[in-house]
Amino acid sequence: MLNILQTLTPWLSSLSLHKYWCEIICVSSQTGKVDPHHPRVSGHRGNVLDIKWNPFNDFCIASCSEDTTVKIWDIPEHGVLKNITVPRKELQGHSRRVGLIEWHPTANNIIFSTGYDYQVMVWKLDVPEQVIKNPLRSISVHSDVVLSMSFNTDGSRLATSCKDKKIRVFDPRTGTLLQETNCKSHKANKVLFLGNLKMLLSTGNSRWNHRQIALWDQEDLSQPSYSEDLDGSSGVLFPFYDPDTHMLYIAGKGDGNIRYYEISPEKPYVHYLTEYRSFLPQKGMGVMPKRGLDVCSCEIFRFYKLVTIKSLIEPLSMIVPRRSESYQEDIYPMTAGNKPSMTADEWIGGLDKGPVMMSLRPGSKLDSYVELGSGKDPTDSMETQHSRSRPGLSLLIQERLDAKEGNARKESPPTSLLPSTDEKSSSTTYVSNGQLDSMHCSPPKTENELRQMFYKQQEEIRRLKEQLNQKDVRIKQLELEIKNVRNSQANL
């Protein structure tokens, strides 16, 4: 089910022709116009406002609607061949339309919903009833409509942004309010936990109505640690964060560009890298889970861009250009897998656990989970290898410096994130259950394949030796330049 569109954020009603159904579209190798009679999930009596795939079950999806309900659907493994109208579970508790839903990141069968009744409701799904009318808890800490929800890594904290322009952090299990902003200089629209950095990022507007991003200490929301005005446009900014590479992507509704930054735990925190530009404005943006990326092409993030003026969904891959087709472990640290680390009852009982980690290396299996307080940080490997070696610099910037120092890879394009939107990018290789369907990444099976692999390795060794020689020459040049500068200073 990894070849199914993962999430289409709060603009879903536009994707599904703004009526009472959502459409499951295969995006792996099938391109072109979708049949207007394509089977649909059509069980709501009002507009569908949000959908979320279950992070632990690739064949389960949740949806919420203006009909005040949340519904849980089972998607057949062979695909949707006929309209699905009967949900597995129906959650009835909200008095007004439901605008947002969010699965708990580590506990199985726990989902949160919020609606225009200002309530955040916690639901447990592993119960015998098909229609659930009473949530586990109803949290009433908001005075207006909730605009976004975000969990921290182990699900022990939930952050929300509200129409009253405030950010709130509370305990999702008890509903206890822990932090609340009261800052007049930033009006928040969206909020996001930044992995294990113990920071929050929000997008919104400044007092002069400029679009703005702000960084907050999760333990102190009195004032932002960092803020930056971006432009004077009016579209809402939607943030996407990759905790494995510490990359932040900012996409604006109605914009054609996507800005990307690196986040570091030390000042100045936010480092602008570059941006992707397009003449086609995005109405919505979905993302592929990390385990669905093409690791052989060094793809580190993939968007699915909803372009309503052309009625299409466009794949957009973020790729680190490298000549080698082998697995690049430095840009693929351990990442959150598709196995829950605890049951719903364990979470209700007060247990907090980090996510079950998995490697994206072809043929690897799920690793053991990292418990809260164990001293291990599941998102720390990239920071340890790159940000700490050169504080404030990501792998991408390091490669730029290396390329300048050694004058290497002259035939390669400048090292940066290269968005790929060609037709091939929509038919990439997917990692599913630890297996990768790609000849380049699988062990050689024949003598001819083994010989080809040997020649590739020899070519890689030769190229690396050339780079070392070039760097040695460059070092000698720099030493001579330093000697000349010293001599000139001595003559003065």
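One is the number of the first residue shown, and numbering goes on along the chain from there.
The backbone N, Cα and C atoms fix where each Cβ goes, and this holds for glycine too.
Here the structure is a predicted model, which means the values were calculated and not measured.
What TrEMBL records for 41-83 (among others) is repeat 'WD'. Across the repeat 'WD' (41-83), the prediction's mean pLDDT works out to 93.
TrEMBL lists 91-133 (among others) with the feature repeat 'WD'.
Annotation comment: TrEMBL describes 139-180 (among others) as repeat 'WD'. Packing against the repeat 'WD' (139-180) from elsewhere in the chain are residues 99-100, 102, 104-107, 112, 114, 116, 118-122, 187-193, 195-196, 200, 202, 204, 216, 218-221, 243, 347-348, 350, 352-355, 372, 378-379: each is 6 or more residues past its ends and has a CB under 8 Å from a CB in it.
As annotated by TrEMBL, region 'Disordered' applies to 368-445.
Summarising the annotation, TrEMBL assigns compositional bias 'Basic and acidic residues' to 377-386 (among others).
TrEMBL lists 399-412 (among others) with the feature compositional bias 'Basic and acidic residues'.
What TrEMBL lists as compositional bias 'Polar residues' is 426-436.
Among the features that TrEMBL reports, coiled coil is placed at 447-488.
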Seminar exercise, completed: Lying 6 or more residues past either end of the repeat 'WD' (91-133) yet within Cβ distance under 8 Å of it, the residues of that chain are 10, 46, 49-52, 54-56, 62-72, 139-151, 153-155, 158, 160, 172-173, 175, 336, 340-344, 346-348, 352-356
Problem set entry | Helix, strand and coil residues within the repeat 'WD' (91-133) as assigned by DSSP | 0 helix, 22 strand, 21 coil
